[in-house]
Each structure stands twice: as C-alpha cells, then as structure tokens.
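Feature annotation from TrEMBL assigns domain 'Carrier' to A:5-80. The annotation O-(pantetheine 4'-phosphoryl)serine is assigned in TrEMBL to A:Ser40.
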Amino acid sequence: MSSTQEIQSGLAEILEEVAGVTPADATPEKSFTDDLDVDSLSMVEIATAVEDKFGVAIPDDQLANIKTVGDAISFIEKNQG
Amino acid sequence: MSPSTSDVVVTGLGATTPLGGDVASTWEALLAGRSGVSRITDEWVQEFPAQLVARLAADPAEQIDRVRARRLDRSQQVAVIAAEQAWAESGAADAGVAPERIAVVFGTGIGGALTLLGQDDVLEAKGPKRVSPFTIPMLMPNGPAAAVGLAIGAKGGVHAPVSACASGAEAIRWGLDLLRLDRADVVLVGGAEACVHPLPMAGFAAMRAMSTRNDEPERASRPFDKGRDGFVLGEGAAALVLERADSAAARGARVHARLAGAGATADGYDLVAPHPEGEGAGRAITAALRDADLSPSDVGHVNAHATSTPVGDTAEAAAIRSALGDHALVSATKSQTGHLLGAAGALESVFAILALREQIVPATANLDDPDDDANVQALDIVRQEPRRATLRAAVNDSFGFGGHNIALVFTTA
C-alpha cells in the first residue's frame, strides 16, 4: 500500500514521463485536460502506467470519471492492494 | 494562366541525413566525399547477409523535445526536423500567409515501420492492453505529412504520396501542381524515411537488392561501378518550401532555385524490376523538360537515382542518355548517403538545387571502374572530386518499386 504522498509523487513521475508535466504542477486540484494539457491518448498511456505502477485496474468507464490529479489519487487509494 | 503566376520557386531547404543534421553540414560532407555508411554491430545482424546501414548523423533526440518525440515515429521525427528547418529558413511563417493557404505534401516509402514492428513486439509479449494508444497515428503512412502539417500550422491541405522510393520526388511534383492550380500560396514538400529494423533489412536482402560488401562499409554503395552489388539502406528526411515566384519576390524571400517542371510516368512493365531500357524513366525526364519548356541541351546536371543495384543503374543510364544525350554531368549521391527510400527524391532535389546555386557538381564516390554497359560508358559521371561547372538547369529523377518514375527540373534563381 502506498501512502497518499507516495501516490502523488508516483503519479507526478508518470505525468512527467508521458506528458512532460513539471512535477510541481501535478497537484490534486489540477485538471488533466484543462490545466495540464494532457490529451485523450496520453490519458490512456497514463492509465496504463498507473495500472503497472500501483497494481490497480482502471476500467474505461472509470477512466472517464478521472478528471483531476486528485481524482486519480483517490481512485488509486481506494483500489490498490 | 500567366507565366508569372505559374512560376514556382524554392525558398527554404531542410534536411537531416546520414551526412549531417542539417543542409549545410550535409552538403559540406557530400562535397568532402565523406560516407554516411557503417556496419551494424547489433546482435540481430549476425545472420544477415547485408549488414550495412546509413544512420542519421544527428540523433533526432538531440533535435526534438523528448515528450514530443515519444508521440512521433522516427520517420515523423525526421520529417518534422527537416520541415522546421526549411520553414524557418524560408521566413514564410512571418509573411502573413493565411493558414488556409499553406499546404503540406510529404511522402514516405514505408511509413511508421519501427512503430508497427515495435508495437507488435509489445502485443506478443504483453497483450493488447499494453499496445500504445499512439500506435496508429505513429504507423500510418500519412504520419510524417500530418506531423509536419501540425508543426507549421498548415490548414490548406496535407497530402502524403506513397510511391516507394519515388515518394519524396512525387511530393515535390504535387507541390508544384498545387501552386500552379492556385490551391495554396505556400507548400512545404519533402520526404522522410526511418525503417532500419531487421524486418525491412531482411525483406530487401531477400530480394537480393542490398549490398553485402560488409567488410567495406564506405565502399559498398557504388552506383554505376562494375563492382556494385546493391544499395545501402539509409534514413533521414529532406524538405523544401515552394511558393509562386511573384509572391516570393513581393516578400523579399531568398530564392534558392526555380522548380521549372515535373514529369511522372509509370513503367507498366513489372512490379519491381525497372524496364531494362529505362523507357518509363526516360519518358518522365522528357515530360519534365517539356513541362519546363526546356531542351535537353539546357540541362547541365543530373542528380541520378542510381541506387547501386546491378539492373537499376544501367536502366537509368539508358533513360538519361535517351532523354538528354551524353553532355550532362551526372552525380550519384547515394554513393555517400545510402538510399533514403521515400526521402531520397527530396534529398537529391536539395542536392540538385545546391549544385545549381553553388555551380558545383558533387562527385560520385566509389566509381572506380565504370560498368561496361555502353550507356554508362557514354555518360559524363563526375567522380573523384566535385566539378565546377556553369549550370542553368538540373534534373533529379527518382524511381520506385511499382514502376513509379518522377523527374523534376530545377533552374537557377
């Protein structure tokens, strides 16, 4: 089980790798599309990387509900382990 | 249509090639006689009969942002690099041209082969859910054209001719037509290829089309030489900015050369073998001259397709001789760059333009002992060192598997 802090920093690493987001910008209130300029195909790549890193499964219908960094952190916290 | 509106000029050049990361370094290396060919040292090559390649001189990773690069196939990366160089040099971005009047024509022979094959490996190893969502936009053969269109903000149409090793030249011809038909005011044209991978290497080798002179990489690509035994696969891209002469003059653009005419034919003979007398190729050159309203005697230089295959070079020699006679100075620059497939026609057009601009004809490397073929013997193929000459018009011809023949005629600015 990863702590909230570990999840946030792990997610920030993925965002930097996949979409070039500066880690300091990957804060919970940020919207992937509106604030971080992540397009839909990159979101799919991020979801895959999150699945690998945190051992969670993100069904497509759930991915559509993940709008912000905070949404992603909550999803991982609820579903990991 | 009045001549002033149909006159088309070249106002920007870009390239990333086995000889250099831009046009200037590529041209300098070409004139210095340097080779871009090396032997592959990767483990996979051990069983391969042909082990040579002409890799990019400059790693695209050093020329393009990392995040941007990971969404682009290597063929798209090199396309964007060459296109952005040409675009910047032309100054067209600052000319106030409406995006709806900017078009792109960018060809490739193979397309995103590295992505296709790399993602197939992912599929086999990890299953369909791990295949990249960028797989399709990275492998599609219109990918280089689309990436270039996005890079320069072209909204006047983005086109992707696919005619194997004639693709780059065909893109230039389409660009000429678009301007003559007033479909656009500026057209960025070119070709890109990056498919150095075991599968294409094995496929070309199975056709017995590649040189197996593995112990002498720099001497392997030897167009028109008696000892030639096939081409060397190269990678890279080249791009040109085309616009009508009147608008280029109005904005004070630097003009490298005029694109005076183009001709396109098909052999109608065989899927891959060239017509032995170069019938279709010769007709393309003749058609291009007619289109340019020039005579054979006007053409001082030919940058030949000359890939270093036994049958291709003699067929081309016949075509050049039948269409132009024996007087033009011929260069086969694949002797140093290798064969860039769908980028070849664009790169060699850049060379033809620079030859006109600088009034110097590059040498053909490795032409130690010209083929006994009567047409090869009759041609004036420049070798050993570049030759100064007074040039008014130059031809670039390109041929592709499928029987595609394209000839382009450039004249001095």
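Cβ atoms here come from the backbone N, Cα and C positions, even for glycine.
These numbers come from a predicted model, not from an experiment.
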Starting from the Cβ of A:Ser40 (O-(pantetheine 4'-phosphoryl)serine), draw a 10 Å sphere and report how many other Cβ atoms land inside it.
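Taking every protein chain into account, the count is 10.
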Could you put numbers on the helix, strand and coil content of the domain 'Carrier' (A:5-80), residue by residue per DSSP?
48 helix, 2 strand, 26 coil
Note the mean pLDDT of the domain 'Carrier' (A:5-80), expressed as a whole number.
95
